Amino acid sequence: MERVYNFSAGPSILPLPVLEKVQKELVNYNGTGMSIMEMSHRSSYFQSIIDEAGSLLRELMNIPDEYEVLFLQGGASLQFSMIPLNVMNTYKKAGYILTGSWSKKAMQEAEKVGEVQVIASSENEKFTTIPRLDGLLGDEKLDYVHITTNNTIEGTKYVDIPHVDKVPLVADMSSNILSERYDVSKFGLIYAGAQKNLGPAGLTIAIIKRDLIGGADRSCPTMLNYETYSKNNSLYNTPPSFSIYVTKLVLEWLKEQGGVSAIEEQNRMKSSLLYNFLDESKLFTSPVDPTYRSLMNIPFTTPSEELNSEFLQKAKERGLVTLKGHRSVGGMRASIYNAMPAEGVQQLVNYMKEFELENR
């Protein structure tokens with residue numbers, strides 16, 4: 001069977017050249033006579049892989065020297081707990097901006113550790129927009145302010161990153177890391193599950209300013225303390241070695257594409273193909289405030305569940321798969337991460353045009 005265009009929100013599409021390289025090196029990595037999956041994480045071979053992955057991420061995101069890059073496990077969902085356990089240590093209070101399901105889950109975990117202040121929320125608008133923050137970030141008696149830069153389920157993103165003077169800004173970038181340029185120095189901590197835009201499932205990346213490491217309470221479990229990973233080059237215990245290796249290959253691929261600025265240009269072009277069609281369509285609509293449209297996750301729907309089901313079935317027959325929207329939103333969702341070629345988006349738009357003509 002030929003490869004399909006996979007619009008899954010995660011685990012998601014990986015660049016074909018990366019998969020082919022993995023296939024080539026799978027049984028015998030670099031003349032070692034064994035697979036990465038069999039290799040000791042204490043070996044010099046793996047040490048060079050994790051070092052290269054870290055330095056590539058630093059280069060691509062222009063990460064300043066005062067930040068650590070940590071390779072973790074447990075997904076972004078474990079970070080919802082690790083962050084308050086490590087950073088909520090002066091005022092025992094943090095601010096959360098609610099823009100979707102994931103930021104809400106992050107807040108709910110933080111409430112188990114300390115006090116949470118909801119600075120702003122777009123829940124009353126069903127998370128179809130990003131709340132305005134004018135003058136809302138003045139409270140300095142917070143240990144950090146948490147945002148989700150891109151809302152995978154609802155299809156929104158921040159256009160401007162909130163300016164926070166004296167409080168560390170913490171960002172969940174799981175679904176748009178490396179998709180557009182960000183000034184890392186504006187953040188105290190950035191985290192992302194790898195399985196959307198970085199690599200395969202099993203790896204979580206954290207980029208943390210060094211002065212935020214080491215402040216966890218003594219009761220914080222060893223494996224939930226950033227200091228454990230910082231002191232041991234992310235090798236305190238066995239890391240997700242294969243996921244780190246594939247992520248390194250994805251970062252090499254991204255560099256070959258021209259880096260983040262080039263991929264951002266490509267992502268803006270790809271998302272415009274779909275948004276331009278949706279804006280003109282009489283059948284398909286998108287619920288998202290146009291100002292805050294995501295470049296990565298694009299929800300859309302028809303007027304009826306029957307048409308949605310028919311659309312999804314026929315799309316699958318054409319090799320356009322995993323387009324079903326999240327159960328909390330319904331309809332359809334196209335996740336068009338870095339690895340999705342423009343041709344895949346164009347094929348989707350062509351099919352949507354045909355479907356609209358058939359169902360006028």
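Note: Cβ is positioned from N, Cα and C throughout, glycine not excepted.
Some features that Swiss-Prot has for this protein:
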type	residues	note
BINDING	Arg42	L-glutamate binding site
BINDING	Ala76, Ser77, Trp102, Thr152, Asp172, Gln195, Asn237, Thr238	pyridoxal 5'-phosphate binding site
MOD_RES	Lys196	N6-(pyridoxal phosphate)lysine
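On the structure: features taken from Swiss-Prot.
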residue : record                              : contacts (Cβ under 8 Å, 6+ apart)
Arg42   : L-glutamate binding site            : Leu235
Ala76   : pyridoxal 5'-phosphate binding site : Trp102, Asp172, Ser174, Tyr191, Ala192, Gly193, Thr204
Ser77   : pyridoxal 5'-phosphate binding site : Lys105, Gly193
Thr152  : pyridoxal 5'-phosphate binding site : Ala9, Gly10, Gly100, Trp102, Ser174, Ser175, Lys196, Met296, Asn297, His326, Ser335
Gln195  : pyridoxal 5'-phosphate binding site : Gly10, Pro11, Ser12, Ala201, Gly202, Leu203
Asn237  : pyridoxal 5'-phosphate binding site : Met223
Thr238  : pyridoxal 5'-phosphate binding site : His41
- What is the number of other Cβ atoms found within 10 Å of the Cβ of Lys196 (N6-(pyridoxal phosphate)lysine)? 30
- Note on the structure: Widest Cα pair spacing in Å over the listed pyridoxal 5'-phosphate contacts Ala76, Ser77, Trp102, Thr152, Asp172, Gln195, Asn237, Thr238 is 31
